[in-house]
Amino acid sequence: MGSLVESGWQYLVTHFSDFQLACIGSFLLHESVFFLSGLPFIFLERQDFLSNYKIQTKNNTPAAQGKCITRLLLYHFCVNLPLMMASYPVFTSMGMRSSFPLPSWKEVSAQILFYFIIEDFVFYWGHRILHSKWLYKNVHCVHHVGTRF
């Protein structure tokens, strides 16, 4: 398994720059997992298999789902991608590298744990800020009460 991972990584680092791997590669991986993991639930909701388990009573029509997906894509391309690109210098200063040898599983595990703690902290406080009066009224209410436009 190790040689398969190393050969795959060797291919990536010889064909792409560190910036492309860290920003574009991470973005594409994130988007793939984010959107593909939701497809089964969109299907299940459209088939009305989830209605007994929903907390909110509103029914999401295919048009509403399409509008939501369009907004999510816009947000991801206009906010997430630029943030990933702006974060690149920070990550390189923290020691991010693409060279061999690959880090041990202990190092990767520690980095993932550190990332989850930082990400959770930033998400929590960012979400709290979105609940300030002006941002909630003009931006974040869509998340809670549905489409208002």
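Quick reminder: no glycine exception, Cβ is built from N, Cα and C everywhere.
What TrEMBL records for 19-44 (among others) is transmembrane segment.
The feature transmembrane segment is assigned by TrEMBL to 72-92 (among others). Nonlocal intrachain contacts for the transmembrane segment (72-92), taken as residues 6+ away from its ends with a CB within less than 8 angstroms of a stretch CB, comprise 18-19, 22-23, 26-27, 30-31, 34-35.
As annotated by TrEMBL, transmembrane segment applies to 112-130 (among others).
Taken together, the residues in the domain 'Fatty acid hydroxylase' (113-145) have a mean pLDDT of 85 on the 0 to 100 scale. Taken from TrEMBL, the feature domain 'Fatty acid hydroxylase' covers 113-145.
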